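**Q** One structure, as structure tokens, below. Some questions next.
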Amino acid sequence: MEDSGFSGVVRLSNVSDFIAPNLDCIIPLETRTVEKKNEEPQVNIRAKKTKNEENKPKEDKKSVKISLADCLACNGCITSAETVLVEEQSFGRLLEGIRNSKMAVITISPQTITSLAVKLEKTPEDLAKLIASFFRRHGVKYVLDSSFARQFAHSLAYEELLLTPSTSRPLLSSACPGFVCYAEKSHGELLIPKISKIRSPQAISGAIVKGYLAKKEGLSPCDVFHAAVMPCFDKKLEHRGNSLGTAELLEELVKEEGVAEDVEEEEENNWTTSLSRGIIIGEDGGASGGYADRIVRDFVAQNGGIVKTSKLNKNMFSTTVESTTTGEIVLRVAKVYGFRNVQNLVRKMKTKKEKTDYVEVMACPGGCANGGGQVRYETMDEREKRLAQVEELYEALPRGNSWEESVREEWKRLDTNYKNLLFTDYKPVETNVAQTLKW
């Protein structure tokens with residue numbers, strides 16, 4: 001079926017029906033008996049029934065209120081409810097939350113900034129200043145770069161790999177909520193024991209805001225409003241904050257801002273004011289976080305070795321580290337982007353043919369730079385061109401800073417158990433949706 005330009009709808013070729021976006025969910029909580037109708041529908045979607053059930057009175061579906069997180073996590077949706085719920089996450093609601101809180105914090109991903117910078121033809125540095133200026137003008141106290149939280153995740157990644165027995169490998173990155181949701185619902189027993197327990201940068205940023213900044217400001221976590229602007233909608237699955245935004249939602253606000261306000265001179269130059277100063281933290285290894293590259297760097301720093309990288313296809317990369325004395329391969333890591341490649345990885349793991357030690361897994365082809373919440377373009381050629389520009393801008397971002405260690409030490413003084421907030425756990429999800437729908 002060719003791309004017709006429709007968005008947020010279900011469209012069937014060669015059929016007169018057209019389903020417009022609506023908030024109705026296909027999963028009812030309660031039902032009541034109604035009279036059976038005799039007309040013959042043009043398109044019929046039904047669960048398989050026994051003969052005894054054929055004439056049983058049907059029941060109405062009661063209106064249900066569900067959260068966006070629940071909607072995105074549900075694998076039974078064949079309506080456009082998910083799209084509409086995403087659209088309901090408006091900045092009007094976000095600004096209302098900011099006004100009603102004692103302290104508001106916004107976390108923004110560098111992928112979002114670079115995507116929007118390409119669209120608006122601005123430098124990431126100037127755009128970061130504009131975004132921070134807009135939110136600070138509307139009452140946000142801190143506008144944070146999610147890359148700062150990613151540094152906490154990176155600092156724990158290699159240690160976690162060392163603690164993972166070779167029989168339990170490969171260790172799979174946990175930064176992509178789309179992949180984690182897929183693992184929990186489809187291959188729980190196989191994948192969940194192998195997924196990294198380190199929280200994603202967005203989740204760690206939430207822990208920093210609610211667990212560190214709140215304590216530092218003398219506030220309860222519930223008094224703090226925390227919103228995130230991320231490269232994909234699936235981030236809502238792991239976001240326990242108050243709101244979620246994406247690149248396209250920021251665009252009009254940034255256009256309205258025009259000129260960024262200067263940062264007050266007395267404000268300290270640190271991780272809480274970096275975006276206001278146009279400082280965005282980059283990372284070696286691409287726009288999906290550079291987890292695989294960080295593992296390789298830490299391994300080589302401790303053990304030495306010869307690093308060799310090969311591109312298997314545009315969404316799969318393999319890196320090996322060879323011993324400088326024996327030439328033996330002592331470490332294997334990979335990057336696997338896109339569900340087609342993810343499914344190939346799962347098949348290899350099922351047959352125990354996957355010998356990799358660590359895999360950076362992302363559900364989207366192209367990784368986070370091509371996330372569903374990034375700026376979208378009409379044609380495939382335009383998308384690929386813009387994606388290359390986003391990746392180029394991301395690669396040019398400055399690397400690292402010295403702020404993480406000082407925050408870690410102060411956080412430890414405020415909460416001796418702070419490290420527990422940097423880890424999570426997963427479990428298989430049992431679905432209640434019938435899998436026997438007949439078209």
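Note that Cβ sites are derived from N, Cα and C of the backbone, with glycine treated the same way.
Okay, these came from Swiss-Prot:
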| type | residues | note |
| --- | --- | --- |
| BINDING | C25, C71, C74, C77 | [4Fe-4S] cluster 1 binding site |
| BINDING | C176, C232, C364, C368 | [4Fe-4S] cluster 2 binding site |
| COMPBIAS | 50-60 | compositional bias 'Basic and acidic residues' |
| REGION | 38-60 | region 'Disordered' |
**Q** Other than C176, C232, C364, C368, which residues of the same chain sit close to [4Fe-4S] cluster 2? List them in sequence order, counting a residue when its Cβ is within 8 Å of the Cβ centroid of the site.
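**A** In sequence order, the nearby non-listed residues are P177, G178, P231, D234, S288, M362, A363, G367, N370, G371, G372.
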**Q** Per residue, counting other C-beta atoms within 10 angstroms of the C-beta, which of the binding-site residues C364, C368 reaches the highest number?
**A** C368
**Q** When neighbour density is defined as the number of other C-beta atoms within 10 angstroms of a residue's C-beta, which of the binding-site residues C176, C232 has the lowest density?
**A** C232
**Q** May I ask you to report the DSSP-based helix, strand or coil state of C368 ([4Fe-4S] cluster 2 binding site)?
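**A** In the DSSP reduction, C368 ([4Fe-4S] cluster 2 binding site) maps to helix.
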